[in-house]
Amino acid sequence: MNEAQQAGLQIDWAGLAPMIIVFVAAFGGLLVEAAVPKARRLVVQVALAVLTLAAAFAAVILNAGKNSAAFEIEGVGIGSVVLDGPGLFLQGTLAVLALIAVLLLAERRTTKGGDFVAEAAVVADSAADKAQRREDGATEIFPLTLFAVGGMMMFVTAGDLLTMFVALEMLSLPLYLLCGLAKRRRLISQEAALKYFLLGAFASAFYVYGMAMLFGFAGTVDLAGINRAGVESGQPRLFLYIGVAMIAVALLFKAAAVPFHMWTPDVYTGAPTPVTALMAACVKVAAFGGLLRVFNVGLSSSAWDWHLILTVIAVATMLGGAIFAVTQRNIKRLLAYSSIANAGYLLIGVIALGDAVGQTMFYLAAYGFTVIAAFAVVSLVRDGDEEATHLARWAGLGKNSPGTAVVFTILMLALAGLPFTSGFSAKFNLFAAALQADEVGLVIVGVVSSAILAFPYLRVVVLLWLNEPAPDAPTVNLPSPMAGTVVAAGVAATILLGIVPGFLLDLVDQASTFLNT
Amino acid sequence: MNELPLLSALVAVPLIGAVAVASIRRENAEAARWTALAASGLVAVIAALVAIGFDYSPDAPWLQFTESYAWVGAWDLNLSWGIDGIALLMVLLTAGLTPIAMLAAWRDLDSVKRSVPAFFALILALEAAMLATFLASNVLLFYFFFEAMLVPMYFLIGSYGTGPKKQYAAVKFFLYSLLGGLLMLVAVIALWVNNGGVFDWQTLVDAEPMAAGTLQDWLFIGFFIAFAIKAPFFPFHTWLPDAGGAAPAAAAALLVGVMDKIGTFAILRYCIPLFPDATQRFAPWVIAMSVIGVLYAAFVAIGQTDLKRLVAYTSIAHFGFIGLGIFAFTQEAAIGAVLYMFNHGLATGLLFMVVGFLTIRRGSAQIADYGGAAKTLPILAGVFLFAGLASLSLPGTAPFISEFLVLLGAFNGTFGGNEPVAVLATLGIILAAAYVIWMYQRTMQGTRNPVLDEMPAMKRDLTVREKALVAPLVVAILVFGFFPQPLIDAAQPAVDNTLLFISGSPEDLPAAEGVTNE
């Protein structure tokens, strides 16, 4: 028997099961790459990933209602992994969203051989690069995705800064790589990967520095301990300020808040669209899950110290994202700026603290479904082999492909927050919680920003329906059941959460309390 | 009678009809037309049943035919329907005008390559949303449909509209309304947070009124701006001439005839009972806006060169009268305002349709393209003149009664100081005469524009279909011009109930404040 067990360490294996399942399957995926013949790899990998995420989701469900630490020494929880309402809800959300995103990654009918190349680092447009583009796409993307998703699940349940950092790297590194694997526009894809990596590494450095500062202030990296120290510690408060600022920079970078958003439009545009969908939905959930936990569990006692600066960032994010979205001519960039603006709305939920945790999580789930479906549609509208991302090319899509145009219109109206869509339910909920927390100013800015943001969405709708198609208008590739399922699931969730949000509202209401708050 | 869920049916029938029509194949235009007409006809029948079963006595409950079905418990959002006299008039107007508007646009799409089923499905969806706003007795439910109706109207203007600026007009309409709606959303949420999570209108009205003060003022502003944009009141009106000018005639008739009334209806239904103190505090400002609107819009209307824009501007002037009637806080004025909403729907709806008949024949809405058109189109010209005269409130037509009541009520206003307002607004009648008569003169009389003789369409007077659909409006305008009593009977109990919130608390009246303080 090892030392830990002698010391009375109890491990909640069932509680850790979702993450264990995902990580084991990710390693299994690597073995599949080595063991299974190339022709059958895609089927095996997709099946493995889908089953894994479904099993992880089931494991999360079995954990429902837990409110404890996964590791306990003689009955006293140590906070490295915390299984509480928000953590479990977000894990479940991540599993479902990732499951949908995996289907989009597996789509092969729209581009022959899939959207991915095997090696990211080959010099773009060199002979080797051209050769690998003719080959069938890489299937390593599936284990990479599973690693990232496992990291995200760990990120939202991490109870101390150190675990959180490990999770942060775990979710980031595979994503950097995935961004560079686009089969078309290799150079932009490589640029995106490099940019994301460099800025991400920068953010990680900030995180570690901030963690050191908070350790110096609190004498612990445990979030609950930091919170107690916010009241009790006799250390200079400057450590706390610097630490909070640095940690916030890193997390806000992942969340794509202004002024840490610079990477978002470039990376969203350069990355293969299925990966963009994964990032826009899942990374947002993970990042805000982390923000919610850090600020609610770790920093609520020092709320006075960071409230103003976070408010300023939220305002800048809401307005900046909306205003820049107005000028965009590329659909992926437009969705990127819209994602930034949505990060601003979500920040309202972070600032409002405990009153708004459930509502923020509802928003994350609602937005995730909508945005995955939106990117899935983007990946279907094609000029020959390439995606037609320039907005002008979408003119008159309603004439040639009314079904796709109807779907995209519904998604745009949902993003604009019109009633009977999940966008309305989410905004209503979040703004109501914020008003309850007396954040009137933020809500008004949020509403103004929504109104500005409605304009670019509406312009897309105008293009779809009211403009005449060009003679060489892009075609909509009929999706295979893969991407078709993604679009259908996203739109169904968007409408269901708009018309009957009750069940999810009840769920987030029950799951809205962090352990140790 | 009361046990039938008539109000649910009023919303459900056009909604189901819209889905059914939308699923008809594009080639099958005839089936789409008839299905849509049948659905809207059924709505009209149900509306008539509601009108027959409605209790007009003064001591009847405020809302009748009430129904409620649970929807989203966490938000206190229920499918709650109820109807009062004011809403009844609006429902009758909507249910009556929609089939007429459909008939007016019956063949308009034959010449353009646009989907006929989609057009009629959009009209039905619009009808459903408009009826739902009149029938909702839950603040959030009202908000849902208040916003949702933008979508069908946006497509009607942008996709089926006329003129080079139709896209601009559609987007402007949508964004203006959405901005107003979002400001209202903040107020809706704040109301909900403040009262402990209640959205049920009846509960809110029965509860202790909200304390006067800053919060109530802001909530009033949030609601009022949304409604003022919808109505539209000066200075929130700039979208209407564009939208009205670009919309196809049938949609324009519904836009100005019905949808704009939702703004004034909602002021009566929500602003006054929920925020009585703020309503009184801001009344002088609203009255000033209204009078400016009456005069300004009339002047601008005189200068218009486009028929549809001209009619849109006349509506802005008329909405000034309605605003004046509501915020004068007297029984005559408020009843006048409600009647005005109804009669204006008839008169302006008729005017838009006749203008539609005219412009589709000529292919232009520019006044300068006409001249002496009455020579070959005597009946159309006659109806055009009649609609114009009704619109300027000629005695004997229904709008006269309402305008007279508004001015009388404003003149007798309890707050004093309204006499100059009433006198100024009366000038609006003279200006109305000027723009109507001049419009008629430039298009129908005078030297005949030789181009008209070369157009065979300009020699074809009203068809049987066109006559059949203007006839009920003409008859209604005449009947209610001579016998307005049924309308007054319907409106009065609801108006009295509403005004109780203003006069029922005399200690809040500015004049009485000094007395209670002694």
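Every residue gets a Cβ built from N, Cα and C, even glycine.
TrEMBL annotations: computationally assigned, not manually curated.
Under the heading transmembrane segment, TrEMBL lists A:13-35, A:88-106, A:141-158, A:164-182, A:194-218, A:238-263, A:275-295, A:307-327, A:334-354, A:360-381, A:440-466, A:486-505 (among others). According to TrEMBL, the feature domain 'NADH:quinone oxidoreductase/Mrp antiporter transmembrane' maps to A:158-452.
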Considering the transmembrane segment (A:13-35), which listed stretch of A:88-106, A:141-158, A:334-354 counts the most C-beta pairs under 8 Å: A:141-158
Residues of the parent chain within Cβ reach of the transmembrane segment (A:440-466), under 8 Å, 6 or more residues beyond its termini: 311, 314-315, 318-319, 321-323, 325-326, 328, 331, 334, 337-338, 341, 344-345, 348, 351, 391-392, 394-398, 405, 408-409, 412-413, 415-417, 427, 431, 434
Which of A:194-218, A:275-295, A:307-327, A:360-381, A:486-505 contacts the transmembrane segment (A:141-158) most, counting Cβ pairs under 8 Å: A:275-295
Long-range environment of the transmembrane segment (A:194-218) - Cβ separation under 8 angstroms, sequence gap at least 6: 161-162, 165, 168-169, 172, 175-176, 179-180, 225-226, 228-230, 233, 235-237, 239-240, 242-251, 253-254, 260, 262-263, 266-267, 270-271
Selection from A:307-327, A:334-354, A:486-505, the stretch that has most Cβ pairs under 8 A to the transmembrane segment (A:275-295): A:334-354
